[in-house]
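Enquirer: Here it is: the structure, laid out below.
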Amino acid sequence: MWLVCLPCFAASMFLSLFGIRYYIRILRYPAFLSVPVVLAVFMPLSIIFLLPIDYISHHVKHTFFEVPESVILFLWKSNYWITFFLTWLILPFLQSFYSSGHYNSSGKVKDAIRRNLRFQLIMLAVSIFGAIYLMLEAGLTVGHMKLMVIALAHLYSLLLALWLMSHGMVSIPRTMWISGSVLSELNYHYVKVPPLVDHLEDSKVSLQEDALQVMVMARNFGGEGAESFQFRDWILSLSRKIPDDISMSIERQFPDAVNETISRDKLTVDYMTKLNARFNVNLERVVAYKAEFDTLFRKIIILEDIEMAKASQEREVHYRIDNFRANLSPKLGLYVHGYFAPAVRRIWSLCLFAMSFLILESEMLGSHLSLINKLLVASNSSFWKLAFSCTTFSYMLFAALNSLTKVKIFNMYHLVPHNSDPVSVCFFTTYIARLTIPLSYNFLTLFASRESVFESWFGKSIHLTGLFNILNDWLPRLVLLPVILTTFNIYDRLKRRLGLDSWAFDDDEESGQRADLQIVEAKRIINREMFKRSQQGDPTSLREFNLASAANTNYQANRQSFHDSLSNRIDNPAIDSDQESEPSNKPGIWGRMNNVVNGVAARFTTNNPTQPYRDDVL
């Protein structure tokens, strides 16, 4: 019995700890945070194995795993109720605790209790309406009330899970298909740069406003003479959190404001609490956007190096930043990462498209026409059924969680590798746990026979009333709506129609022009950042540049032409003294002819037989 369960649960625990440690240094935090976070990830991952084992045990006579129904029922009940209390009580409390602006723990606890009481009162109001309906439909008993709570939580989470899963079923294969071409992936990342830099600069401005207040208070009340001041330690702790570049920028831009005086009467508990909460939020946003920009910057530089190597005569790739790809020889690295890896990604994207089609078809057409059901019953092998079920359910769960991190409505929370804040970690782990149980039961609805321990126990709450049963059966049919919205980019079009997009172009031609302008602007931002890091001599990110390569020589020369004047803002336009060396961005044939003339001139200037770097769209 335990020969299968123990390795599966051990693998789930290992993946949980590995994933959590990748995003947050969980061991630095107290047990009251680390234990719930680990459980909130471990429980959903264990269901990836528990659900197929439960289902296959009831549909295959002889399996290589024999788990008693009593053990499976105990695992389901413990998993569900631990997850329930984590997602509706413990993790929301911890999220409010760490987002509170209070300085001491007692103030944080009181604030978290107050916030969660408001949330629970809203849930109580919804439950009252549900109890009235339940009393009219099935009778009001303690058992029915418990089943109603399970059903209401299930339907809410099921709707969100299906929407996110459907979005991921389209976006994941499409992104993988784009990465199957170095040039397409490069332009795909280019388009992300300008809006990301805008978000980064906006968050820096917001942080500077709060940091300026902290610096003024630190100058006034941070000295030894203010030891009796009640907010002194609070002010000093905030002052130590200010990044060096932010403090230097403030001292340079606002030298007089830093030396201003502030009255003690202005500093109240309410004022300090709001400032602390706002400061922490803005600081985490700056950290998150910086990390995202650094990751995007590295990807673009690596892709540029590969694309340049493909166009050069030497057919060798020389990376300008340290990465694992540099372990291969230049020629082998080009063929592996420039040709073989993209081809594998294209093949893998086709497999993901096929898996998405199977799942979406089964969701929309029901269990009797479900291709997932036909593939599962086509073989009598218990190993095939277990592997197929685990793979399918894992993909469904991964698609939902991937969308959770990408959908803009949740953009207030960020997962930063090795440096995520506890508030964001609590939020994402809450929804990881909250979405898994509804997706588990939805997975059973893809089969003609749902016979299992999970169906006999959890299904009672779904079949309690006719309304709950109808909603559970018909909500999966709505997966077509987010699929259409994602496939045809209707989300972006709606944003532009509502005026929520700063690049408000209306037709397809102007939309293409917008992308071209974003790519050109992104190249300038990346060039400027590369030059800035090379001037600073960052040993952790830059490699010694090889000027022996003719293709790279002209490329670097054109790069430096953008950097004659630099400012603190990442995307501040550069003023080049040598305007003739920069390709023209004018549309039409005249701009193209100007680029050709500049290219010929650059060849004679550098004696380089390869094409010069161009700042127009690839």
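Including glycine, each Cβ sits where the backbone N, Cα and C put it.
Checked TrEMBL, it gives:
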REGION    566-592  region 'Disordered'
TRANSMEM  6-24  transmembrane segment
TRANSMEM  31-53  transmembrane segment
TRANSMEM  80-98  transmembrane segment
TRANSMEM  119-136  transmembrane segment
TRANSMEM  148-166  transmembrane segment
TRANSMEM  347-366  transmembrane segment
TRANSMEM  386-404  transmembrane segment
TRANSMEM  425-448  transmembrane segment
TRANSMEM  474-491  transmembrane segment
Enquirer: Six or more residues out from either end of the transmembrane segment (6-24), which same-chain residues have a Cβ under 8 Å from its Cβ atoms?
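Expert: That would be 37-38, 41-42, 45-46, 48-50, 53, 415-422, 425.
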Enquirer: Same chain, outside the transmembrane segment (148-166) by at least 6, Cβ under 8 Å from its Cβ: which residues?
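Expert: For the transmembrane segment (148-166), the far contacts come to 84, 88, 126-127, 130-131, 134, 360, 363, 396, 399-401, 403-404, 407, 431, 434-435, 437-439, 441-442, 458, 461-462, 464-465, 468, 471-472, 475-476, 478-483, 486.
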Enquirer: Need a quick answer: max count of Cβ pairs under 8 Å to the transmembrane segment (31-53), which of 119-136, 347-366, 386-404, 425-448, 474-491 is it?
Expert: 425-448
Enquirer: Using a Cβ-Cβ cut-off of under 8 Å, list the residues of the same chain that are 6+ residues beyond the ends of the transmembrane segment (80-98) and lie near it.
Expert: 32-33, 36-37, 39-40, 43-44, 108-109, 111-113, 115-116, 119, 123, 153, 421-423, 426-427, 429-431, 433-434, 436-437, 458
Enquirer: State the residues, same chain only, that lie 6 or more residues beyond the ends of the transmembrane segment (425-448) and have a CB under 8 A from a CB inside it; answer 'none' if no residue qualifies.
Expert: 20, 23-24, 33, 36-37, 40-41, 43-44, 47, 51, 55, 80, 83, 86-87, 91-92, 94-95, 98, 154, 157-158, 160-162, 164-165, 359, 362-363, 367-368, 370, 372-373, 376-377, 392-393, 396-397, 400-401, 404-405, 410, 413, 415, 454-455, 458-459, 462, 472-473, 476
